[in-house]
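Single-structure report; data block below.
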Amino acid sequence: MSIDTIVAIATPPGRGGVGIVRISGPKAYAIALCLNGNKALQPRLATFCSLYKGNNEVLDQGLVLYFKGPHSFTGEDIIEIQAHGSPVVLDLLIKESIAAGARLARPGEFSERAFLNDKIDLIQAEAIADLIQASSDTAARMALKSLQGDFSKKINQLNEELIYLRMYVEAAIDFPEEEIDFLNDGNVSQLLQRIIGRLEEIRSQANQGVLLREGLSLVIAGRPNAGKSTLINNLAGRDVAIVTEIAGTTRDIMREHILLDDIPLHIIDTAGLRDSDDLVEKEGIKRAWQELKRADCVLLVVDINNRDQQNSLLNELRLTLPNKIPIITVYNKIDTTKLTAKCDEHTVYLSAKTGEGLDELKKVIKQVVGYQPTEGQFLARRRHLQALDEAKALLLTGQSQLTNHKAGELLAEDLRLAHQTLCEITGEFTSDDLLGKIFSSFCIGK
């Protein structure tokens, strides 16, 4: 447990009916007695008290709750004071708590103490922040599942299988005189393949969680007057970009945020891509290329009446952008032709003006980025995906060592590193730098 005692306001800034001050640490109970005039508190019971300044002047009345460690969120003694939600009153309670021996908590320090005292793992700690910041009902439900341990259980079960395989492999290395040749034993290969399959399944589910948490950066690109601004207006359901017949109207980056089946979609409209001598337009085009290189997905909007635009610009995009960025070609202005809306894997025919084909576009976007709502069972972060990818790469390397070289020692080392990488997800093995980065992004009172 920590030596010092921390205090912070646990409710959002501003005025409200109720404001909560949270205290955690060895002096929490003594500080509460200083604030409530030495009125005894029973664990897990709300006690109505007058709250005093150091000079015994009453500053408010409210409820005081006492959670005795280790049976509390942080694992330490916790006091929660529910006072009136006046910023002045709450600030005075903070000052009096500090005068009585507490210090102001760092962002996320309550959750950090819960993690360090083994009350929650790192996934659950992150889920607290994700639940607070959830942008949709689905994201909130998935964050709650992570907080309840759904994601952690999957990682822990995977680790248990990996530990068993490590024990089997390392025991066979340590006792080579045994009659069984583990390198040619199909059991090792089967176990390893099963673990890789389970890891891929969890990775797919985690990817859905990342999409729900972080959303998707969707950049709209194309030649001038292809209908990019009309498209962003239609996707947003309101006029966010100026639309005229004058080529080059959009000269700067335009951003809009919407929900696409609970996926936060960060839409970015860009200047028309062409050669220009206009200094302002050239700067807009430069910024457009910067956004394109950071995109999760690109919509290449093409005027269907000028299809020759498509090939040259599509080739330029493919040569310039990383291969991992998918490009959806959107043939716009079908309302000026006899064509109807349709789509395939990376192509959509629509009218941004009338909205015909917009549903098909949304469907293709979800398919291209791999969104499968039936698979999303918990919220996840990019660091989780990176760890899962790294663990898979190590397991595949180990599989190669076993299959091609019969190198048991090298297989054992790859299994050890994969196990350690997976443990970083839950925080069993985690650097102090990563912990600092994660918890510093929390609210002060969390």
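Count begins at 1; order follows the chain as displayed.
Backbone N, Cα and C define each Cβ position, glycine as well.
Straight from Swiss-Prot, the features:
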BINDING   R22, E80, K119, K446  (6S)-5-formyl-5,6,7,8-tetrahydrofolate binding site
BINDING   225-230, 244-250, 269-272  GTP binding site
BINDING   N225, T244, I246, T249  K(+) binding site
BINDING   S229, T250  Mg(2+) binding site
DOMAIN    215-370  domain 'TrmE-type G'
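Counted over every protein chain shown, other Cβ atoms within 10 Å are most numerous around K228 among the binding-site residues R22, K228. Following the DSSP three-state reduction, the secondary structure of R22 ((6S)-5-formyl-5,6,7,8-tetrahydrofolate binding site) is strand.
In the structure shown, the C-beta of S229 has more C-beta neighbours within 10 angstroms than that of any other entry among the binding-site residues N225, S229. Per-residue pLDDT, averaged along the domain 'TrmE-type G' (215-370), amounts to 82 for this model.
Taking the C-alpha positions, the distance from S229 (Mg(2+) binding site) to A271 (GTP binding site) comes to 9 Å. The Cβ of A271 (GTP binding site) has 27 neighbouring Cβ atoms from other residues within 10 Å, across all protein chains displayed.
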